[in-house]
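Heads up, the thing below is written out as structure tokens.
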């Protein structure tokens, strides 16, 4: 059962994480909820990485192991940011942008190295890149709230498509 959960769970957790991130960005989720969510994600990332370590030794799975390892660092950075008083928005933005871009690189690699649904991974990477641009540019644009949310939506859509393709193919 644990193996099945590791194989399919990310298909639910990825869209949930981006929905939560967008809700936190517009302050729909309170600071306490964000702090709890970050710690839960830290624990889940470490547990998933440890439990999947032996299965991720080569090929695209090795690339995703690297994403997980970098992601643990990014998530820890985000956790530190939201526990700071006041919240360190610069560190939080860096963590979010990292989570937008690091999987995008792995989606490119995955798309180049698998036969099944390779275009889904490439589109997922492109949506993540465009979404990251929207998110990072949002503070300098007059309508920054909607632009940032557009960024979250594009990244969420792209990364969800990629992880669902992986779950389906695995």
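Even glycines carry a Cβ here, placed using N, Cα and C.
What TrEMBL says about a protein is an automatic prediction, not a curated fact.
Summarising the annotation, TrEMBL assigns transmembrane segment to 33-53 (among others). Sequence-distant contacts of the transmembrane segment (33-53) (same chain, at least 6 residues past either end, Cβ-Cβ under 8 Å): 2, 6, 9-10, 13, 17, 20, 24, 65, 68-69, 71-72, 75-76, 78-79, 82-83.
Through the fold, the transmembrane segment (60-84) approaches residues 31, 34-35, 38-39, 41-42, 45-46, 48-49, 52-53, 90-92, 94-96, 98-99, 102-103, 106, 109-110, 113-114 of its own chain, all at least 6 residues removed from its boundaries and within a Cβ separation under 8 Å. Among the features that TrEMBL reports, transmembrane segment is placed at 60-84 (among others).
Positions annotated as transmembrane segment by TrEMBL: 90-109 (among others). Beyond its flanks by at least six residues, the transmembrane segment (90-109) meets 17, 21, 25, 60, 63-64, 66-67, 70-71, 74-75, 77-78, 80-82, 84, 121-122, 124-125, 128-129, 131-132, 135-136, 151, 155, 158-159, 162 of its own chain at Cβ-Cβ distances under 8 Å.
The transmembrane segment feature in TrEMBL is assigned to 121-141 (among others).
The transmembrane segment annotation in TrEMBL covers 147-168 (among others).
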